[in-house]
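Enquirer: Okay, handing you the structure first.
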Amino acid sequence: MKLFLNSNLLRNSIFFKISAFVLISVACFFLGKHWSEDGFRRLIFFSAEPSRSPIVALSPDFGKTYNISGLIYESHPILPPSLSPPPPPDSVELKVFGIVNENGTMSDEFQIGDYDVESAETLGNQTEFESSDDDDIKSTTARVSVRKFEICSENMTEYIPCLDNVEAIKRLNSTARGERFERNCPNDGMGLNCTVPIPQGYRSPIPWPRSRDEVWFNNVPHTKLVEDKGGQNWIYKENDKFKFPGGGTQFIHGADQYLDQISQMIPDISFGNHTRVVLDIGCGVASFGAYLMSRNVLTMSIAPKDVHENQIQFALERGVPAMVAAFTTRRLLYPSQAFDLVHCSRCRINWTRDDGILLLEVNRMLRAGGYFVWAAQPVYKHEKALEEQWEEMLNLTTRLCWVLVKKEGYIAIWQKPVNNTCYLSRGAGVSPPLCNSEDDPDNVWYVDLKACITRIEENGYGANLAPWPARLLTPPDRLQTIQIDSYIARKELFVAESKYWKEIISNYVNALHWKQIGLRNVLDMRAGFGGFAAALAELKVDCWVLNVIPVSGPNTLPVIYDRGLLGVMHDWCEPFDTYPRTYDLLHAAGLFSIERKRCNMTTMMLEMDRILRPGGRVYIRDTINVTSELQEIGNAMRWHTSLRETAEGPHSSYRVLLCEKRFESSEKRRTKKRRKTKGKRA
């Protein structure tokens, strides 16, 4: 019995001890919770706020690690935890705009004309922007607003930067060989920083084909050519227009009759079939080229800037392909074997000077088997001095292995050989020599003339062409000589480019009515194989295209000419050799994303504005970032702009920037500029 009582007492004692321990533990638990809610958030045994970072348990063998900062008491009060997630931070307004420089780093040092500091900090978030003709600053597509560019002075309506650089021309060591007619571009930072004004009374150009025969006087307000050449049936003024009867110095009865005579002399010339691309040297007002267009012939008409006042400007206003260019000390910007026929009618060039170096340049550009047509006084006059010039010309052409195939009246026609056999059979020491095999006859950018005969390709490349129009879509042999990465798939690339642009141009013709908007003079600023121009020709859009091959890419000019198209080499970091208001359409596909590494995009856009006619259009296909930045610049030039998706859809990294240089805006700017000038004088 006693043992039983002792056992019960022991059990009761253990029970009480356990109960007391539990009560003390519960009391400590609630006491700790009370302290935690009073602000001791660093108590590691309890926290009402869930842990924000994961807890990692380490092996005891690794060593014990303590979060010391978690044990430090902070005297400042801690706010109680929020029952709802904290609101997102206010959006930060971006106040700095930058571009990626050539080193690949972001920089905020850039220039897009003059800008308003306050407006530059106002951001637009719209997806498409259309510019306004008002002078007020408006927000643009992306990140910054740009103040409108100023208008250049009134005396710059016909300014060509690289040909009107008076200070550079004054510094030339010599001008005996026409150096003043060559490119003498402004130094970096000295180019255009304003938009070129239009002449007073400027009107929308007369559409083709009427423009072949008449243009508005106020668009090219110069009468000197009428005074000098009116008696030669070139040009005359009637009321508010210039009229072009179609004559020339050596074909006063009209270009059509003159062309018929050439065709009768050499039937194999076959205009529009065998002969597709022609060079007219010293072109006057380009009636020769204008009348060849009706025979499916493209003629590049060239002349220096001031031999006859504004002759190239008249040609371009008529809607005829033309460029300001001269035979001086450098190669012309066209490839070897480019032209099926070269024409010179009283072009005022001494072909025999310096042992015929200028005729050697013609020989470089003339296609193997092509024709040189010379209409000049030495051909038919019997004065002693002129007869000597004729004999010198015969001697030179014989040494060039040209064959005089026909001489009739005032016209003489030579034919270039189709291979090098004649050159190699000449006697030792006969000049001019053949160029060495290392010479690249297609290298033309700032390259001096060479006193040697350009070799003809032994494999017949450049000479074996399909007749027009089959040659337009036939991959030419010289496609294999272009310095590009692909070798085997070149023809496939050629065909793919043609199909690509035909599909796009078909959409433009149907949706944007390209056949109805009066496109005539077109410039493709990065032409590739010429697929854009070929598509326009194939779809019968009544225009001509000058295909520009940038110096920064592969030289595809030989392919351009072998297709029966026109092209030229150019560096878009420099101004283009043409008058203001030359083109109805400027097309640039992938140009700016490449050239922005070398060139100032604002300078390029100002040059585009200079050569674009009022009412003209610009189509830029490039990356999203590039087109957004260009849209801002276009707005600053008062272009009407809109950014569109490509056919690839909204997720494509490319966009199409459509721009229009509205005539009303140009006229409004000119009027406002004149008012400001008068106000300053008053």
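A Cβ is built for glycine as well, from the same backbone N, Cα and C atoms used for every other residue.
Taken from Swiss-Prot, the feature N-linked glycosylation site applies to Asn67, Asn103, Asn125, Asn155, Asn173, Asn193, Asn273, Asn350, Asn395, Asn419, Asn600, Asn625. Swiss-Prot lists 1-11 with the feature topological domain 'Cytoplasmic', giving sequence analysis as the kind of evidence. Here Swiss-Prot flags 33-682 as topological domain 'Lumenal', drawing on sequence analysis. Look at Swiss-Prot and you will find 12-32 tagged as transmembrane segment, backed by sequence analysis.
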Enquirer: For the C-alpha pair, I'd like the distance in angstrom between Asn395 (N-linked glycosylation site) and Asn350 (N-linked glycosylation site), rounded off.
Expert: 14
Enquirer: At the level of the C-alpha atoms, what whole-angstrom distance separates Asn350 (N-linked glycosylation site) and Asn173 (N-linked glycosylation site)?
Expert: 22
Enquirer: Across the topological domain 'Cytoplasmic' (1-11), what does the pLDDT come to on average, as a whole number?
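Expert: Looking only at the topological domain 'Cytoplasmic' (1-11), pLDDT averages out to 46.
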Enquirer: Relative to the Cα of Asn600 (N-linked glycosylation site), which of the glycosylation sites Asn155, Asn193, Asn273, Asn419, Asn625 have a Cα no more than 10 Å away?
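Expert: So far as Cα distances go, none of the glycosylation sites lies within 10 Å of Asn600 (N-linked glycosylation site).
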Enquirer: Using C-alpha positions only, work out which of the glycosylation sites Asn173, Asn273, Asn419, Asn625 is nearest to Asn193 (N-linked glycosylation site).
Expert: Asn625
Enquirer: So how many other Cβ atoms are close to Asn193 (N-linked glycosylation site), meaning within 10 Å of its Cβ?
Expert: 15
Enquirer: So among the glycosylation sites Asn173, Asn273, who's got the most Cβ atoms within 10 Å?
Expert: Asn273
Enquirer: Whole-number Å distance between the CA of Asn173 (N-linked glycosylation site) and the CA of Asn419 (N-linked glycosylation site)?
Expert: 40
Enquirer: Rounded to the nearest Å, what's the C-alpha distance separating Asn625 (N-linked glycosylation site) and Asn155 (N-linked glycosylation site)? Just drop the number here, would you?
Expert: 36
Enquirer: Would you mind ranking the glycosylation sites Asn395, Asn419, Asn625 by how many other Cβ atoms sit within 10 Å of each Cβ and giving me the lowest?
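Expert: If we count Cβ atoms within 10 Å for the glycosylation sites Asn395, Asn419, Asn625, the smallest count is at Asn395.
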Enquirer: Quick one: give me the count of other CB atoms within 10 A of the CB of Asn600 (N-linked glycosylation site).
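Expert: Step by step: centre on the Cβ of Asn600 (N-linked glycosylation site), count other Cβ atoms within 10 Å, giving 17.
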Enquirer: Using a 10 Å cut-off on Cβ-Cβ distances across all protein chains shown, tell me which of the glycosylation sites (Asn155, Asn350) has the largest neighbour count.
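Expert: For the glycosylation sites Asn155, Asn350, the Cβ with the most other Cβ atoms within 10 Å is Asn350.
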Enquirer: Between the Cα atoms of Asn155 (N-linked glycosylation site) and Asn273 (N-linked glycosylation site), find the distance and write it as a whole number of Å.
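Expert: Cα-Cα, rounded: 45 Å.
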Enquirer: Measuring Cα to Cα, how many Å separate Asn419 (N-linked glycosylation site) from Asn273 (N-linked glycosylation site)?
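Expert: Here the two Cα atoms are 22 Å apart.
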